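Everything below concerns the one structure shown next.
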Amino acid sequence: MTVATEDPADEAAALPGHPQDTYDPEADHECCERVVINISGLRFETQLKTLAQFPETLLGDPKKRMRYFDPLRNEYFFDRNRPSFDAILYYYQSGGRLRRPVNVPLDIFSEEIRFYELGEEAMEMFREDEGYIKEEERPLPENEFQRQVWLLFEYPESSGPARIIAIVSVMVILISIVSFCLETLPIFRDENEDMHGSGMTFHTYSNSTAGYQQSTSFTDPFFIVETLCIIWFSFEFLVRFFACPSKAGFFTNIMNIIDIVAIIPYFITLGTELAEKPEDAQQGQQAMSLAILRVIRLVRVFRIFKLSRHSKGLQILGQTLKASMRELGLLIFFLFIGVILFSSAVYFAEADERDSQFPSIPDAFWWAVVSMTTVGYGDMVPTTIGGKIVGSLCAIAGVLTIALPVPVIVSNFNYFYHRETEGEEQAQYLQVTSCPKIPSSPDLKKSRSASTISKSDYMEIQEGVNNSNEDFREENLKTANCTLANTNYVNITKMLTDV
C-alpha cells in the first residue's frame, strides 16, 4: 500500500493568511545580497538594502554606482578619502545621521558629501552641526537681458567688461573721497568759509551796507568733480535697480542703502542752496541752514563704504561683525559695567584731594573708558594711593574684558575668510571623478554666455557634466576608453572655470 504524503511546506502555504502567501525568495535574496566597496584599498561590506534606503544618492542608485564597478574583482572601487567613508557608510546604516570623523578636515568631508551625492538636506545638517552660517541665496533675474546687466554691475568676476566697470566705479569712489578731503585744505577754502554751505554757493552778509550778496560757484572744480561722481553713482544705482531680480529686496540690501546715502546729500544740498532766498539771511535762518548743510556734507564721508562692494576683505569684515554681534554686545555690556564701577571708585578715592581731576562720576567716565581700553591718554590721572590702586585694577579688568570675546570674533573671521578662499578655488577647479562625455560646442557656448557668475555657473556646469557622465557610462563600461576623455575633460573644465 502506498501512502501519499504532502510536503509540509505546501501544507503551510495552503493555510490562509500564512506569510508565505506574499513571500518572494528572490527579492529577499536581492535585498540581503552583500556588496563590497573598495575605498582606496580599504574594503567595506554592506547589504544592498542598506544602500537602497537613499536611492537618490551615488551608492543608493544602481545606475550611478555602476560606473565604479570592477567586474574582475566583483566590487565597487572609489579612489576617495578612506577615513571619511566610515561616516558616509554610517549615514546609510543609521538612516540619515551624519557625523564627521574628528581626523577629517571640514573641507575634505564636505567634498566627500558632494561626491557621494548625499543631497542638500544632508549637507545642511552637516553644516548646522559644525556651526556653519547658512549662506544667503542670491537669485539672478529671469530675463536674459536683465541677467546680463545684473551680472555686469553686480559681479565683477563674471566677465571682462564687468571688471572694467568695477575698476571705473572704484576710481570714481576714490576721486570723490580725495575731493572731499582736499576741499577742506586752507588753500582751497574761501575766506568766507564760515558762510560756505556746500562748495556750490556761498553767501555773505554786510551789516554796513545792509545788503545781501550771493555768489554762485558752479564753475568751482570741486563742484564739477562732485557732480561728475554723482552722475556716475546715480547711473550705477538706477541700472542696478531696474536689473535687480527683486525690487523689494533691493532696498533691504545694506550695500544699496549705502549707495542711497552717498547720493542723497548732493541733491539735498543743491536743492537747499537753489531754494534759499536772500531775505532768509535777514531773518536769521541762514546759520541754521548752513548747520544742516554741514551735517549733510558730513554724510558724504560714508561714501568710502561703497568700496566694500568691490573689496572681498571689507565684505569679510562686515560678515564677521554681523556674525559676532552677540559677542560685541557682551563686550560693550562688560565695558559699561566696568566704566560705572571704576569711575565711581576713582571718584570716591580722589574725593578728599584738593586738586582732584575727577570732580564728578560722569567726568570720570572718560578716564575709565581710556583706562579699560588700555589707551591711556594721561589727560586725567589719579594722584592718591587709593586712586592709583583703582586705576591699576581698571587697566587689568579692561585687558581681561576685551580679551574674552576676541577668540570668538577671530574664529568667525577665519571661517568667512576660508569660506571665501575655498569658494574661489572651487570655482576654478573641477575634480575628475570618472570618464565624462565631452559636451557639444553649442552647449559649451551656451554655458559661457548664458550665465557668467563663477559660483552658481560652476554648480550648473558640474551638474551637466554629471548627467553626461551617466549617459557615457551606459555606452562605455570599459576603463580603457577613459584616458582620452579625462584629458579632454580637464581642458574643457579649465576653460569653463577660467571665467
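Yeah, the Cβs are placed from backbone N, Cα and C, and that goes for glycine too.
Screening ASN207, ASN466 against Swiss-Prot annotations picks out ASN207 (annotated as N-linked glycosylation site).
Topology note: THR384 and THR421 are separated by the membrane (different topological domain names in Swiss-Prot). Here the candidates are SER158, SER217, SER449, and Swiss-Prot annotates SER449 as phosphoserine. Feature annotation from Swiss-Prot across SER311, SER440, SER451 places phosphoserine at SER440.
Cα-Cα distance from CYS244 (S-palmitoyl cysteine) to VAL381 (site 'Important for binding with the scorpion mesomartoxin'): 57 Å (rounded to the nearest whole number).
The stretch with the most CB contacts under 8 Å to the transmembrane segment (326-347), chosen from 161-182, 222-243, 255-275, 290-310, 389-417, is 389-417.
Under DSSP, CYS244 (S-palmitoyl cysteine) is assigned to coil, being neither helix nor strand in the three-state scheme. Mean model confidence for the region 'Tetramerization domain' (1-125) is a pLDDT of 79.
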